[in-house]
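Asks: Have a look at this one.
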């Protein structure tokens, strides 16, 4: 059984599994549990040859598990010969009816293989049991004739009751089509446990729900909670509406297993939760998961005790707001003191508890942490691996497999990255099974880590292994295949690319577009395929469609755009703003919420651009509703609309606003000003950053960090992790001679925590290559610096051979996107050299944020610009600033019109040769005529655009008349605006005038 045999390090001792009391109870409570324990005891040696301890426990946690374990021993060798990995076999066996499923896989897999189903498909279908496998064999061809793809059939079949769901689709699909449900909707409804009943219930209740304003998309989502959920919405929706819950909330709560019970619990418990200070958003979050009803009850029971231990309400909401939230809260209460004794912070405990299986993860950390520490894993690593669904299994797998990974050349950070996602345990096993074969195909270790380092990484790796040759034949290169696979649901996306790529290609979508849409998953590809003709008729171009589809929930976002676009147009939203709001994860919900709350926000003084900014991020729907709820209180506390928009207008904006409301008094007591609070809250993860500052600030102060230092480190994406990393790693940095300002510079960027870790790891190697400490800090002190440091080590020697010195390499690497810039220099340097650009030119172009894109733009547009009279110096000047690529494109696009309006080449170069040059040119094009009517000369406009930029031009346009009425001359206005920060200077002039009046 070569594919499933264990490595020597993985084998269990012959003394048995040494089950803990908790593990024994977990097995015994299942039907046939006693027989399972006896089987494990009697057959331990045989099982240990093919399964790890974690595998045995997984299979044993179901009814009749003894038969499933016996089936593994019987079928495992043959399945191994057919190419099934150990993880596949465990997955098939680890369900109710696992024994029959294994025997059926042996029976039907050859036929399914001939019909185009992959091994990944077979494993997934087997999750619906033996009957599902046989039903796919029987009615799969008919469903195929009706237009259902192989991926659709697998999705429907691979759940409890999959066989019945397939039969129901066959029977009910024509009627559902008549009612306006498309193929994607039908697959979504059927593709859950109890899918057959859900399809029937949709037919029964859809007319009534439709009359109440629920869309087809809404009904399909509610059906994810099963037939009962649909009936519950019908019964309870009027009362919930009276209590202030809007349709989006109701859909969210109902659309999960147990959705009916969750809706009832919200109705029963909402008033008590409100009395305790929980907001409507909190209640919705806790209720909107499997077991939501139990979670709400547990919060009511346990919240006082958790608050006494120092957990905040946001912490409690976060821990309760996942499947199994009730158990997680109880586990935190039981185990928190033991964690504190071992040095885990409150933030660590919350992170580990706040996932599916959080209770088991906490238990596993307590049990395995000493052994992991002995192997060199830090507390931060342990928290990262445990802090995902399936964290307990991931920790056990790391302990079992780490030595083998080390022998194969994987570093500790790579092991942590692969293990630190949903399904991390399976990912590690799959890498061990397939890594050698990938190496033979030329796939780099970094690519393997990238593919596996996402939710569902094991399946993605398996799919790449199987489909890569076919994708290569279609023209996809290794980089694009890795990119498609390296997202949650990567396996399904790869299969869908094969299905729909030929047609999308004919419709004008490029390979790059298809890869981007695949970032929204398989469903996004199929929905783009289905809706693109209609969206085109409405004026949306392929770029718009790609932007909307290429995110989580992209399929739903496309549907929502189709449904809501007319209503949004009536409200004054244009196509660009609709695309912006829809073009993020959760875009569909954002559009619905804009329609819902926009009038109320307008009454409160929020402009359309501000509403778009709040809505146009991940979680935009929640952010809009939270602004509506909290704005009056925040306003009373001195936060103005600009502050609120800034905080809310990021992914996680709703949570950030909630955190500001709760934590602001404590910050004020510690001397933080309002701008400090806004800066820390106004990033992705702002809520966590605020919490981390309150928790860690005293310790950081003791180490000599000032309040501005703390704000700078916390005020970026990942600020909470950066502060934690500074606290943990600062002594090591001090020992190596880094100053406090060095540490702050490295930590004070996106990904600061990873940058600190990378510096400690890579600094010795960089020193050997003659890079100084100042160089290392310079490279590390930017967004994306971890990759930049690694790229310097990887590409530095070749760049040196081509004549680039140390200072040049540091300049190129020491900007946002430095890693990509170094790679671009290697790739495009020879071509640029042939075209007359010297090394100094190349360094200037590449040595800015977005340097890689600038180099590509020079290659692409340089010849045309030269034909239009621009020389090499002009091109270097325009490309060699942040946003250089956009500047070159803008010159190419707008140059002829600007020439017609009297601007010469020197003017255009001057305006384009600054950060934001593209925007400056567009603004001159748009507003230049108006400014000319106000007696500003071409020279004035060029002066303002090339120094103050687009914002300064707009400020002059807006406030110029006011200033002129007050007696200020054009000459004075131009003098103030034509400087860096000119827009702010103009606004200050106006403010001073108003104060005097």
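Cβ atoms here come from the backbone N, Cα and C positions, even for glycine.
Annotations for this protein, taken from Swiss-Prot, read as follows:
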{"type": "REGION", "residues": "84-967", "note": "region 'BuD domain'"}
{"type": "REPEAT", "residues": "19-50", "note": "repeat 'Cryptic repeat -1'"}
{"type": "REPEAT", "residues": "117-147", "note": "repeat 'Core repeat 2'"}
{"type": "REPEAT", "residues": "181-213", "note": "repeat 'Core repeat 4'"}
{"type": "REPEAT", "residues": "278-310", "note": "repeat 'Core repeat 7'"}
{"type": "REPEAT", "residues": "573-605", "note": "repeat 'Core repeat 16'"}
{"type": "REPEAT", "residues": "606-638", "note": "repeat 'Core repeat 17'"}
{"type": "REPEAT", "residues": "639-671", "note": "repeat 'Core repeat 18'"}
{"type": "REPEAT", "residues": "705-737", "note": "repeat 'Core repeat 20'"}
{"type": "REPEAT", "residues": "804-836", "note": "repeat 'Core repeat 23'"}
{"type": "REPEAT", "residues": "838-867", "note": "repeat 'ANK 3'"}
{"type": "REPEAT", "residues": "870-902", "note": "repeat 'Core repeat 25'"}
{"type": "REPEAT", "residues": "936-967", "note": "repeat 'Core repeat 27'"}
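Buried or exposed, and what's around them? Tell me for each listed feature.
Replies: With a threshold of 8 Å between CB atoms, the same-chain residues lying at least 6 positions outside the repeat 'Core repeat 2' (117-147) that come near it are 82-84, 88, 91-92, 95-97, 100-105, 107-109, 111, 153-154, 157-163, 165-167, 169-170, 173, 183, 459, 462-463, 466-467, 491, 495.
Residue counts for the repeat 'Core repeat 4' (181-213) by DSSP state, with H, G and I taken as helix and E and B as strand, are 25 helix, 0 strand, 8 coil.
Same-chain neighbours of the repeat 'Core repeat 7' (278-310): 244-245, 249, 252-253, 255-259, 261-266, 269-270, 272, 316-317, 320-326, 329-330, 332-333, 336, 346, 622, 625-626, 629, 654, 658, counting only residues six or more beyond its ends whose CB sits under 8 Å from a CB of the stretch.
Residues 217, 246-248, 539-540, 544, 547-548, 550-554, 556-561, 564-565, 567, 611-612, 615-621, 624-625, 627-628, 631, 641, 651 of the same chain lie 6 or more positions beyond the ends of the repeat 'Core repeat 16' (573-605) yet place their CB under 8 Å from a CB of it.
Counting residue by residue with DSSP, the repeat 'Core repeat 17' (606-638) contains 25 helix, 0 strand, 8 coil.
If one looks beyond the repeat 'Core repeat 18' (639-671) by at least 6 residues along the same chain, the residues whose Cβ comes under 8 Å of a Cβ in the stretch are 279, 281-282, 312-314, 584, 605-606, 610, 613-614, 616-620, 622-627, 630-631, 633, 677-678, 681-687, 690-691, 693-694, 697, 707.
Packing against the repeat 'Core repeat 20' (705-737) from elsewhere in the chain are residues 345, 347, 378-380, 671-672, 676, 679-680, 682-686, 688-693, 696-697, 699, 743-744, 747-754, 756-757, 759-760, 763, 773: each is 6 or more residues past its ends and has a CB under 8 Å from a CB in it.
With a threshold of 8 Å between CB atoms, the same-chain residues lying at least 6 positions outside the repeat 'Core repeat 23' (804-836) that come near it are 770-771, 775, 778-779, 781-785, 787-792, 795-796, 798, 842-843, 846-852, 855-856, 858-859, 862, 872.
Sequence-distant contacts of the repeat 'ANK 3' (838-867) (same chain, at least 6 residues past either end, Cβ-Cβ under 8 Å): 782, 803-804, 808, 811-812, 814-818, 820-825, 828-829, 831-832, 874-876, 879-885, 888-889, 891-892, 915.
Same-chain residues lying 6+ beyond the ends of the repeat 'Core repeat 25' (870-902) with a Cβ under 8 Å from its Cβ atoms: 836-837, 841, 844-845, 847-851, 853-858, 861-862, 864, 908-909, 912-918, 921-922, 924-925, 928-929, 938.
On the 0 to 100 pLDDT scale, the repeat 'Core repeat 27' (936-967) averages 90 in the predicted structure.
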Asks: Just give the helix, strand and coil counts over the repeat 'Core repeat 20' (705-737), going by DSSP.
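Replies: Split into helix, strand and coil, the repeat 'Core repeat 20' (705-737) gives 25 helix, 0 strand, 8 coil.
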Asks: Are there residues at least six beyond either end of the repeat 'Core repeat 4' (181-213) with Cβ under 8 Å to its Cβ atoms? List them, or say none.
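Replies: Sequence-remote neighbours of the repeat 'Core repeat 4' (181-213) are 147-148, 152, 155-156, 158-162, 164-169, 172-173, 175, 219-224, 226-227, 230-231, 233-234, 237, 247, 257, 523, 526-527, 530, 555, 559.
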Asks: Residues sitting near the repeat 'Core repeat 27' (936-967): Cβ under 8 Å, six or more positions beyond its termini, same chain?
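Replies: Non-local partners: 902-903, 907, 910-911, 913-916, 919-924, 927-928, 930, 973-974, 977-983, 986-987, 989-990, 993.
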Asks: I'd like the per-state residue tally for the repeat 'Core repeat 27' (936-967) from DSSP, helix first, then strand, then coil.
Replies: 27 helix, 0 strand, 5 coil
Asks: Taking DSSP states H, G and I as helix and E and B as strand, how many residues of the repeat 'ANK 3' (838-867) are helix, strand and coil?
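Replies: Residue counts in helix, strand and coil order: 25 helix, 0 strand, 5 coil.
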Asks: In the repeat 'Cryptic repeat -1' (19-50), how many residues does DSSP put in helix, strand and coil?
Replies: 25 helix, 0 strand, 7 coil
